[in-house]
Amino acid sequence: MQPIPDVNQRIARISAHLHPPKYQMEESSVLRRANCRAKGGAPGFRVAILGAAGGIGQPLAMLMKMNPLVSVLHLYDVVNAPGVTADISHMDTGAVVRGFLGQQQLEAALTGMDLVIIPAGVPRKPGMTRDDLFKINAGIVKTLCEGIAKCCPRAIVNLISNPVNSTVPIAAEVFKKAGTYDPKRLLGVTMLDVVRANTFVAEVLGLDPRDVDVPVVGGHAGVTILPLLSQVKPPSSFTQEEINYLTDRIQNGGTEVVEAKAGAGSATLSMAYAAVKFADACLRGLRGDAGVVECAFVSSQVTELPFFATKVRLGRNGIDEVYSLGPLNEYERIGLEKAKKELAGSIEKGVSFIRG
Ligand SMILES: NC(=O)c1ccc[n+]([C@@H]2O[C@H](COP(=O)([O-])OP(=O)(O)OC[C@H]3O[C@@H](n4cnc5c(N)ncnc54)[C@H](O)[C@@H]3O)[C@@H](O)[C@H]2O)c1
Ligand SMILES: O=C(O)C[C@H](O)C(=O)O
């Protein structure tokens, strides 16, 4: 007996859903939502994660799917984006999730985005510096930023890929070349240094880390990571031994994780937590919340260097204000000179990569 036509159509539809064409995740997920009358268009921001299938990208995607400020979440990677997208999309939170695989889907992933978070690129192995990642990650960041300049030039960009001290200048140069550069919208993510500093200082002081605020300035590698222990809140005093221990541990927190993972990568879970904390601050700023202040590596006139990490106030257009360093003690002034020396070279390396 011939099946009646509308049963045939239903079978075809179900079969298409069970066996979606490999490179058409976007179309198949739109179809599925249409058929199920999924509710889209909830108020909120559109966020893309580039490198979403990686060690940072996956927990970051999960945490962003849980963020009530996010209405649309685009997950882009050159591998495994379909699996991560299918998995995350089953979470019963508001954001609509769409996956994008490979360079040919980059533009679709970026179009219309308010915030783009970039954890794409290779991580360190024991014995490597972050600068050793430049060779591979510089090109990745360049390509992704060219896509941003073309498809969502007004998006806020949170750049995680290392070496941050060079990749942020690379991104700025790409945007300048495209005529889209807005220094208020490009932020290198140094939040993990603050998260670590809060944790380690709280341990020493015997406090809850949630009650501690440590400004960390400079950049995101070794001596360029400069915790300002004289400005810790609540106001606290430390012995010289505690200052040496804390400064060293905060500056080498990344290496501590790289060594403990013994070849299996660098910080991913604490980084995803830090990235979400920072992205949430950017989204609250975009929403118009007052007094949203976090540390980030940004275009700056605080020192003679063109980029520097300090506290910044986030608003509807990205960075509303870059704060000065505040009073430093002698130990911090010496640290600042060391940090600036190394930062100058890393920034120049990023700029030259684009300018040639
Ligand atoms: N800023 C920070 O505080 C901080 C902290 C931790 C790690 N990181 C850096 O973040 C980066 C990612 O770390 P991870 O542990 O997630 O690495 P990972 O290797 O686990 O994941 C990286 C992901 O990027 C993807 N990728 C590679 N090339 C791409 C491209 N052209 N377009 C899109 N995606 C691409 C890979 O497929 C992979 O899924 C590293 O450079 C690491 O050093 C920065
Ligand atoms: O240390 C690394 O290479 C990753 C990251 O920059 C970190 O600080 O954990």
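Numbering starts at 1 and runs along the chain as it is shown here.
Note: Cβ is positioned from N, Cα and C throughout, glycine not excepted.
Positions annotated as domain 'Lactate/malate dehydrogenase N-terminal' by TrEMBL: 46-188. Here TrEMBL flags G51, A52, A53, G54, G55, I56, G57, D77, N137, I160, S161, N162, M271 as NAD(+) binding site. Per TrEMBL, substrate binding site is recorded for R124, R130, N162, R196. The domain 'Lactate/malate dehydrogenase C-terminal' annotation in TrEMBL covers 190-353. Positions annotated as active site, proton acceptor by TrEMBL: H220.
What TrEMBL annotates, mapped onto the structure for a quick look.
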| residue | record | DSSP class |
| --- | --- | --- |
| G51 | NAD(+) binding site | coil |
| G57 | NAD(+) binding site | helix |
| R130 | substrate binding site | helix |
| N137 | NAD(+) binding site | helix |
| S161 | NAD(+) binding site | coil |
| R196 | substrate binding site | helix |
| H220 | active site, proton acceptor | coil |
| M271 | NAD(+) binding site | helix |
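Put simply, the two farthest-apart Cα atoms among R124, R130, N162, R196, the recorded binders of substrate, are 18 Å from each other. Every protein chain considered, the tally of other Cβ atoms within 10 Å of the Cβ of G55 (NAD(+) binding site) stands at 19. Closest to G55 (NAD(+) binding site) by Cα-Cα distance, out of the recorded positions R130, N162, H220, is N162. Rounded to a whole number, the C-alpha distance linking H220 (active site, proton acceptor) with A53 (NAD(+) binding site) is 23 angstrom. For the substrate site, the Cβ centre of R124, R130, N162, R196 serves as reference, and the other residues of the chain with Cβ at most 8 Å from it are P123, P163, H220, A221, G254, T255, V258, S266, A267. M271 (NAD(+) binding site) counts 23 other C-beta atoms within 10 Å of its own C-beta, drawing on all protein chains shown. Residue density at R124 (substrate binding site): 23 other Cβ atoms are found within 10 A of its Cβ, drawing on all protein chains shown. Taking Cα separation as the measure, N137 (NAD(+) binding site) is nearest to N162 of the binding-site residues R124, R130, N162. R124 (substrate binding site) sits 11 Å from S161 (NAD(+) binding site), counting Cα to Cα. The average per-residue pLDDT of the prediction over the domain 'Lactate/malate dehydrogenase N-terminal' (46-188) is 98, rounded to a whole number. In terms of DSSP helix, strand and coil, the domain 'Lactate/malate dehydrogenase N-terminal' (46-188) has 66 helix, 30 strand, 47 coil.
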